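S.K.: Feature list, courtesy of TrEMBL:
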type	residues	note
DOMAIN	8-146	domain 'Lactate/malate dehydrogenase N-terminal'
BINDING	13-18, ASP38, ARG43, TYR69, 83-84, ASN99, 122-124, SER147	NAD(+) binding site
BINDING	GLN86, ARG92, ASN124, PRO125, VAL126, ASP127, ASP152, SER153, ALA154, ARG155, THR232	substrate binding site
DOMAIN	149-309	domain 'Lactate/malate dehydrogenase C-terminal'
ACT_SITE	HIS179	active site, proton acceptor
MOD_RES	TYR223	phosphotyrosine
Amino acid sequence: MEYTKSNKIVLIGDGAVGSSYAYTLVTQGIVDELSIIDVNEERVAGDIQDLAHASALCAKKTNLKVGTYEDCADADIVVITAGVNQKPHETRLDLVTKNTEIYKDIISNIMAHNFSGIFIIATNPVDIMTYVTKKLSGFPKEKVMGSGTVLDSARFRHELALLTGIAPTNIDAQIIGEHGDSELAVWSNVQIAGQSLDKYRTHYPLTENELNQAYINTKEAAYHIIKAKGATCYGIAMALTEITVAILSNQNKVLTVSSYLENNDVYIGVPTLINRNGAMQIYEVVLNSMEEQQFKDSILILKDTLKKLSNYFIA
């Protein structure tokens, strides 16, 4: 993997998601310098030492440090995973006021040190928190993106792979909309081994119930994982890594990150071209009438949630 220059990432939040992401960056040799910031500095120090030992066994060494906000001054990317975790039976949108309070302090500290790179947001509710980051930072929309439905799309491909026996890498399927309960599967655009879903089904019958169950499994995956182990971490860490690599290696890759829709004044998961300059172009998805209505409903749900935050920033 080739990068054009030395790169630096500041990670804010060293919980399950943050530490899993840091481990992936180090073991894959993606970043030259990684600074980790968390209110629990003792935990960060332990993770830095542990990661340094892992780095010693890797082909590429990563410079690691217990970070401070001063490290943001020359960072290429700031990734924020900090926030209150989602509990069993709690929706991602239930977290909004708690995590907005946390973000007021975080974004203020980042901007106090003249950060000029790209924000990647993973804190839930991610579409809302990405919007909050844009508003509090004053950054242009291209420089602020969220993990969006990148993980949801991967989960969807996984479910379809289980159903068809085709490798996930040979399945093109997207989840768009809110990273949450109103997300939608773009069934009309699904391709399996280069064939449209309809054409594939003429040779390999799949029932509507089977397909619907694949979507339900995708949408409810986080709830099952949280109930079983307390938090999701590995999947979202890999999703963040994919976004990071798309930026640092200037891939011009299209991912369903949370991007800003100007006409709706909302961040939401949509196919977006990602490169070294950020989230550069949204690709409009051709939806059927049902999907289009679902997407509009998802936008309205997010906008309704944003109304609760009017006291935090000037819209």
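Cβ coordinates are placed from backbone N, Cα and C, and glycine is handled just like the others.
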S.K.: Report the nearest neighbour of ASN124 (NAD(+) binding site) in space among the recorded positions GLN86, ASP152, TYR223, THR232, comparing Cα positions.
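M.R.: Of the recorded positions GLN86, ASP152, TYR223, THR232, GLN86 has its Cα closest to that of ASN124 (NAD(+) binding site).
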S.K.: Cα within 10 Å of THR232 (substrate binding site) is the criterion; apply it to the recorded positions GLY15, VAL17, ASP38, ALA122, HIS179, TYR223 and give the hits in sequence order.
M.R.: VAL17, TYR223
S.K.: Given a separation of at least six residues and a C-beta threshold under 8 Å, show me what packs close to ALA154 (substrate binding site) in the same chain.
M.R.: PRO168, GLY235, MET238, ALA239
S.K.: C-alpha of TYR69 (NAD(+) binding site) to C-alpha of VAL126 (substrate binding site): distance in Å?
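M.R.: TYR69 (NAD(+) binding site) to VAL126 (substrate binding site), Cα-Cα distance: 22 Å.
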S.K.: Output, ordered by sequence, the same-chain residues six or more apart from VAL84 (NAD(+) binding site) with a CB under 8 Å from its CB, or 'none'.
M.R.: LEU95, LYS98, ASN99, ILE102
S.K.: Would you kindly give the Cα-Cα distance separating TYR223 (phosphotyrosine) and the residue listed as 'active site, proton acceptor', rounded to the nearest Å?
M.R.: 13
S.K.: Distance between VAL17 (NAD(+) binding site) and GLN86 (substrate binding site) at the Cα atoms, whole Å?
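M.R.: Cα of VAL17 (NAD(+) binding site) to Cα of GLN86 (substrate binding site) measures 12 Å after rounding.
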S.K.: Looking at the recorded positions GLN86, VAL126, ASP152, TYR223, which has the shortest Cα distance to GLY15 (NAD(+) binding site)?
M.R.: GLN86
S.K.: Quick one: pull the CA-CA distance for ASP38 (NAD(+) binding site) versus TYR223 (phosphotyrosine), whole Å only.
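M.R.: So the alpha carbons of ASP38 (NAD(+) binding site) and TYR223 (phosphotyrosine) sit roughly 26 Å from each other.
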S.K.: Give me the Cα-Cα distance between GLN86 (substrate binding site) and GLY13 (NAD(+) binding site), rounded to a whole Å.
M.R.: 15
